[in-house]
Amino acid sequence: MIKLNNVTFRYRPSDENPAINNVSLEIKKGQYVAILGHNGSGKSTLSKILVALLKPQKGELFIDGIQYSKENLKEIRKKIGIIFQNPDNQFIGSTVEDDIAFGLENKNISRDEMRTKVVEYAKVVDMEKHLSREPEYLSGGQKQRVAIASVLALDPEVIIFDEVTSMLDPKGKSKVIQIIKQIQADKDKTLISITHDMDEAILADTVLVFAKGKLVAAGSPKDILNEEKIIEIAKIASPFIYKISKHINGIEPTYVEEELISQICK
């Protein structure tokens, strides 16, 4: 689905260290991948490369077999949707309904069909009761859920969540993570979560760890958590449950609360 071959990107030619430094990776269709790293690791730059907002100076990028080029930019962007960190920067419509409908207006569908789709995707993010509300009356978490619905309505093959919970309170964060898990279970989508939060990354099938513009590790969440050197290099905070389980003799470290309780009760 997504393939990078030796991709390098600098914001300025004079930059000694590239923001993305000779990165090669592959993400298969239907995978849920977390791209994990501390501030300045290059993960958000990578997300902008994937949606063709930034062009690599070196290397190759393929989306669904299509190589990135100026000629096929439009085709590539149709395949990928992105939800950004700040919910205030992506609310376009004057109401929730208008915002979800915005992208559908270029798809040549009837008003009735558009309305049906708006309601359908509002339900996915639990915002169907707020369709007439204006953005200033919504919480940050609600705005982020509307942004997710707006992307889902466009039906992209790949959805990128770029630090989508970092500006939310615990309640808003929990709800958005719940929706991401629901999309993973119900939709035939390739999901990419850009995050510095291991609690969010452990939901993924595969974790790609970045530090100083380089891909330094790849594996399952458990594999990554067991690599102390990688945790240190990437400045990742391990989940609370994992930290507890690691210090209990005779218990295999786990980040799943139910697994920890089960092992303790044996």
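Each Cβ is built from the backbone N, Cα and C atoms, and glycine gets one as well.
If you look up Swiss-Prot, you'll see Gly37, His38, Asn39, Gly40, Ser41, Gly42, Lys43, Ser44 marked as ATP binding site, on the strength of sequence analysis. The annotation domain 'ABC transporter' is assigned in Swiss-Prot to 2-237 on the grounds of sequence analysis.
Sparsest Cβ environment among the binding-site residues Asn39, Ser41, Ser44 (other Cβ atoms counted within 10 Å): Asn39. Cβ contacts within 10 Å of Lys43 (ATP binding site), excluding its own Cβ and spanning all protein chains shown: 26. For Gly40 (ATP binding site), the count of additional Cβ atoms within 10 Å of its Cβ stands at 15 [all protein chains shown]. Listed binding-site residues: Gly37, Gly42; maximum Cβ neighbour count within 10 Å falls on Gly37. Regional average pLDDT for the domain 'ABC transporter' (2-237) in the model is 90. Sequence-distant contacts of His38 (ATP binding site), defined as residues of its own chain at least six apart whose C-beta falls under 8 angstroms from its C-beta, comprise His196, Ala211, Ala234, Lys235, Ile236. What surrounds the ATP site, by Cβ distance within 8 Å of the Cβ centroid and not counting Gly37, His38, Asn39, Gly40, Ser41, Gly42, Lys43, Ser44, is the set Thr45, His196, Phe210, Ala211 from the same chain.
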